[in-house]
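For reference, Swiss-Prot has these:
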SIGNAL    1-15  signal peptide
DOMAIN    56-99  domain 'Inhibitor I9'
DOMAIN    111-382  domain 'Peptidase S8'
DISULFID  138-227  disulfide bond
ACT_SITE  143  active site, charge relay system
ACT_SITE  173  active site, charge relay system
DISULFID  282-353  disulfide bond
ACT_SITE  328  active site, charge relay system
C-alpha cells in the first residue's frame, strides 16, 4: 500500500509548476542625477556567482567591491540588466548617480571654528588642545583629493588614490577639509596622518559607484597603514538617498573606521540624504559663529552633532588658504576631533560618536528644529 501511495503522488509532484525566480529590485536614483546605463549590482552575501564569473558574463564591469559591499558597478544594456535581476545571486541593483561636495559659499575672513570647539562659551580667541594632537591616528579624506605638498601639512598628508581622471586636487574642497582635520595652522588634530582618496572630479562631483569604490579602498588600505591610534574617514559629500552608499558607509564603520559625514546643505531633514541618513555613522550639521544653526544646514533625527561650518578658513590648492561654508566644513571638525580623541583617550570606532556627543556643549544653539539634537562639538580641553 505504501508503495502505491508514493507512486500515486509522484506524477503530481512532477507535474507541479516550477516557481518563478524572485526578481531583484531595481532602485532608482532619488534626489540625485542618474547616470544612464550605469548600475551598482549588490550580490547576496552567500552568493555563489563570484566576481570572476561576473566578469566573464558581463563585459561592462567597471568597479569591483569586496569590503564595504559585495558586488560591482557596470554599464549594462537593458537585456543585461533584466538578466541580472533574475539571477538568484543578485540582491539588488541600484542606478548609479552623481553626488557632490557640500560646500556652498566663499567669502573673506578668519576662522573661528577651532576656538569654538575648545571652549564652552563663545568669545575666546585661542584654540586650546592637548599636545598629543591626534598623533598615531590616521584620517582618510574621501573627497576631491588633497594637495599633499601644501606646507601647512608638514609632510603628514599623502594623496594615495584616485577614481577620477586626475589624481591631484584641482578643486580645493578636499584640501580645505584636510586642513581643518590636521594642518598645522587650521587643523583640529595637528599631528594626525592624512590620506587623500579622490572620488570627486575637479568640478566637485562624482559618481556614486566611484564613491563606493573609494570607501571599499579605505577598508582594505587601512590594514597596511601604521595607525596605532585608530582610523577615521571624513566624507564631506552627499546627494539623494542611496541604499548602496548607506550600506557601504555602515560596513566601513563596522570594520573599525570612524566615519564622519556631512548632513547636507538643503535646509531640510537629512533623512533622504546619503550617506547622512545611515544611522551607524556620525552625521554632522553646521553652525555659525553666533551659535545659530547655519541657514543651509540640514537637520533631523539622523543628525548626531553640530560643528562650526560657516566662514571656515583652511588650506587651499596652490599653497593658499580659502574661507568657505557648508556642512562640508563642519564634518572635518568632527573627523579631526575623533582623531584627536583617539590619540588622547583611545576608544573604539563604534563608541566615538557617542563620546563626542557626551563631551558636547548642550542646548546653546538656536534655530534647531524639534527632534534634532542641540549638541555643539567640544574637545574637553578647557
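In case you wondered, yes, glycine gets a Cβ from its N, Cα and C as well.
Long-range Cβ neighbours of residue 227 (disulfide bond) (same chain, at least 6 residues apart, Cβ-Cβ under 8 Å): 136, 137, 138, 193. Residue 138 (disulfide bond) falls within a strand segment according to DSSP. Counting every protein chain shown, the Cβ of residue 328 (active site, charge relay system) has 32 other Cβ atoms within 10 Å. The two recorded residues, residue 353 (disulfide bond) and residue 173 (active site, charge relay system), have Cα atoms 24 Å apart.
A coil conformation is recorded for residue 227 (disulfide bond) in the three-state DSSP classification, outside any helix or strand.
On a Cα basis, residue 143 (active site, charge relay system) lies 17 Å away from residue 282 (disulfide bond).
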